[in-house]
Amino acid sequence: MKVFVLNGPNLGRLGKREPSVYGSTTHADLAELCVRTGKELGLEVEVRQTDHEGEMVGWLHEAADGGHPVVLNAGAWTHYSIAVRDAAAQLSAPLIEVHISNVHKREQFRHHSVLSDIATAVLAGFGVAGYPLALRWLAEQQR
Ligand code: DQA
């Protein structure tokens with residue numbers, strides 16, 4: 001099974017970006033962790049990151065057309081992008097919403113997600129470890 005791990009705006013700056021909130025793991029490290037975890041689990045994992053909303057919408061269309069599950073950290077788009085939500089709503093395979101930080105412990109504007117009610121599951125506050133957790137759950141659904 002092929003799984004898309006899709007990361008939105010500012011997540012390419014992991015490691016440099018507010019390390020007290022997001023930790024010291026870089027996006028390249030995160031991508032490697034996801035691919036390695038996928039191999040252990042028998043999943044083909046493709047990790048992508050973009051700061052451009054239209055590009056993310058296109059990737060979600062690609063996942064919808066291919067029937068691929070998606071692990072999505074939409075970053076700030078989580079809180080307001082109806083375009084990302086509408087694209088994610090077209091997925092037939094599971095959608096796992098992931099946040100590195102516990103968004104519910106942070107500013108009020110981060111408490112609402114336009115994705116959570118269409119997501120299969122939501123993970124927040126596990127740091128980058130949330131990604132392998134999501135992949136493990138997806139692999140278990142295969143069995
Ligand atoms: C985030 C939380 C969002 O509120 C924020 O805009 C991000 C990252 C997280 O992974 O904790 O960019 O999705």
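Cβ from N, Cα, C; glycine included.
As written in TrEMBL, here are the features:
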type	residues	note
ACT_SITE	TYR22	active site, proton acceptor
ACT_SITE	HIS99	active site, proton donor
BINDING	ASN73, HIS79, ASP86, ILE100, SER101, ARG110	substrate binding site
SITE	ARG17	site 'Transition state stabilizer'
Max pairwise CA distance, angstrom, over record-listed substrate binders ASN73, HIS79, ASP86, ILE100, SER101, ARG110 = 24
Key: Listed binding-site residues ASN73, HIS79, ASP86, ARG110, filtered to Cα within 10 Å of TYR22 (active site, proton acceptor)   = none
Remark   = The sparsest Cβ environment within 10 Å, among the recorded positions HIS99, ARG110, is found at ARG110
Query = Long-range same-chain neighbours of ASN73 (substrate binding site), Cβ under 8 Å, sequence gap at least 6?
reply = LEU6, ASN7, GLY8, LEU11, GLU97, VAL98, HIS99, ILE100
Key: Between SER101 (substrate binding site) and ARG17 (site 'Transition state stabilizer'), the C-alpha gap once rounded to whole angstrom   = 12
Message = Counting other Cβ atoms within 10 Å of each residue's Cβ, which of the binding-site residues HIS79, ASP86 comes out lowest?
response = ASP86
Ask   = Counting only residues 6+ apart in the same chain, whose Cβ is under 8 Å from the Cβ of ARG17 (site 'Transition state stabilizer')?
value = ASN10
Key: Reduced DSSP assignment, ILE100 (substrate binding site)   = coil
Request  = Give the residue from the recorded positions TYR22, ILE100, SER101 that has the most other Cβ atoms within 10 Å of its Cβ, counting over every protein chain displayed.
outcome  = ILE100
Remark   = ASP86 (substrate binding site) -> DSSP, reduced to three states, gives helix
